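Each remark here refers to the structure printed beneath this line.
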Amino acid sequence: SLQDQFDNLEKHTQWGIDVLEKYIKFVKERTEIELSYAKQLRNLSKKYQPKKNSKEEEEYRYTSTRAFLATLNELNDYAGQHEVISENMTSLITGELSRYVQELKQERKAHFHDGRKAQQHIETCWKQLEASKRRFERDCKEAERAQQYFERMDADINVTKADVEKARQQAQLRHQMAEDSKAEYSSTLQKFNSEQHDHYYTHIPTIFQRIQEMEERRILRIGESMKTFAEVDRQVTPIIGKCLDEITKAAESVDHKNDSQLVVEAFKSGFEPPGDVEFEDFTQPMKRTVSESSLSNSRGDGKPEPKFGSKSKGKLWPFIKKNKLMSLLTSPHQPPPPPPASASPSAVPNGPQSPKQQKEPLSHRFNEFMTSKPKIHCFRSLKRGGAGPEDFSNLPPEQRRKKLQQKVDELNRDIQKEMDQRDALTKMKDVYLKNPQMGDAASVDQRLAELGQNIEKLRLEVQKFEGWLAEAEGKLPVRPEQARRQSELYEPQSSCAQDRESPDGSYTEEQSQETEMKVPATDFDDEFDDEEPLPTIGTCKALYTFEGQNEGTISVAEGEVLYVIEEDKGDGWTRIRRQEDEEGYVPTSYLEVYLDRNAK
């Protein structure tokens, strides 16, 4: 029936709207995925970006790390394109389709309202026709009964004439009513047939046509949205391709030769390699005796030892005098003082007199010196000792030249900044002089004077550092006091290596299991400062009070409990820590150590 068709169309159009809403939900979830992906990419790029004013920025001078930085930047742009995808899909698809769904629902409601109205109208016309038909049928039956009654009355001789006339009039009246009902029924029938024709051939087809057009527009709209879905992705594909091309270009710019050369330049010291060690002839007893006794007599006699003559003097290690080299060839640690009960604390400046040990052959000491590796804690103790000299004379020649050049460039930039400020204030003052209503020209005089003083100070600083730079580059002769300061700087002063001279000027050798070298503080000291603190391996209790006056040592009070972070390596010293940041060496004999291998 027609009503069944309306029900089918209503169900189908509702299903079409559900499909549209499902597609809108799908696109919305896709936009959320794109935004989440873009956010994660941006966070990833930000996470691996170099931190400002950190050592990571220095690492980005290498082509490989610069390529990685370019990759991070391009990845950030790549994430931006996914945000564009999300924005375009939201505006062009979900937003448009959501508005269209609301319009579609209103249109569908109107069409089915018109259909129901037309259906109700034709049903009303049908009811009117049925009522007219029943009335005509009833009137016809009444007229027939009235006619039959009149005929019976007229044939009956016992009925009066007046009753017959009355029956005749009633029969005529009923007949007239039947004729009127017939005419009304005929008119109602014609009207119904006309309405029914219009209903089935005009109104309903028009409504169905509108519903069909509405449905076709819905299908077309969802197809266009799917096309837009692909076009939004396709629009950003060229930009994403450019991002990938830039990443490829950055990768191709990696230059291994350049990076390795930068490493060479960064750590090049400028030191001369040590000269050849002369042969010591031990086949002659007299020469051997002289060789072994030279360490203790050379300083007292004031005569240089011929074993290390002028030919090789100064070539074993730059800026280190011969007697200092000899002290390096002996044990690098000052021996720990014995407990207070065993010796007088006045024997040496920082503790009791160290017991004399049996001397070892010089060749054995030299082999230890050449094969030993510097300990990391030496660098840490050097750094803790304080900042280096202003002229960077504590650095190797090449590193010193670079530092001085950087300092000169930095000062020149500061001068330029001050001059720019002075020029700006000078122009402001001229404006104030020409237009007093804009400001007081005298108000900038004090600032101009300060800038002039700052510029003069900076220029003096530049001259000072340029002089040191010229000296480092060999343009000026090295001053004697400068050379002497450099030599003394490289003498062992810390806990890493001590110059052990007896009060009479002779040298003493002390027993040591390993040799450590005094290394000047350089740029890579910061690497040791930034390293993780050593883990504790146990605890200890101070048996005696120890005044740690040497660099690298730490003072402890009797009965104090501390953490052990490095056990005795055979040199008589144990490395301990107090709190989180105070650490140093204490004689092992002054401590009662409790090692715990499982301690953190």
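Using the three backbone atoms N, Cα and C, a Cβ is placed for every residue, glycine included.
Pulled from TrEMBL:
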type	residues	note
COILED	126-181	coiled coil
COMPBIAS	333-342	compositional bias 'Pro residues'
COMPBIAS	472-488	compositional bias 'Basic and acidic residues'
COMPBIAS	523-533	compositional bias 'Acidic residues'
DOMAIN	1-259	domain 'F-BAR'
DOMAIN	394-471	domain 'REM-1'
DOMAIN	535-596	domain 'SH3'
REGION	274-314	region 'Disordered'
REGION	328-361	region 'Disordered'
REGION	381-407	region 'Disordered'
REGION	471-535	region 'Disordered'
Worksheet item: Looking only at the domain 'SH3' (535-596), what are its DSSP counts of helix, strand and coil residues?
Response: 3 helix, 31 strand, 28 coil
Worksheet item: In the domain 'REM-1' (394-471), how many residues does DSSP call helix, how many strand, and how many coil?
Response: 72 helix, 0 strand, 6 coil
Discussion item. Looking at the domain 'F-BAR' (1-259) alone, can you tell me the average pLDDT?
Written reply: 91
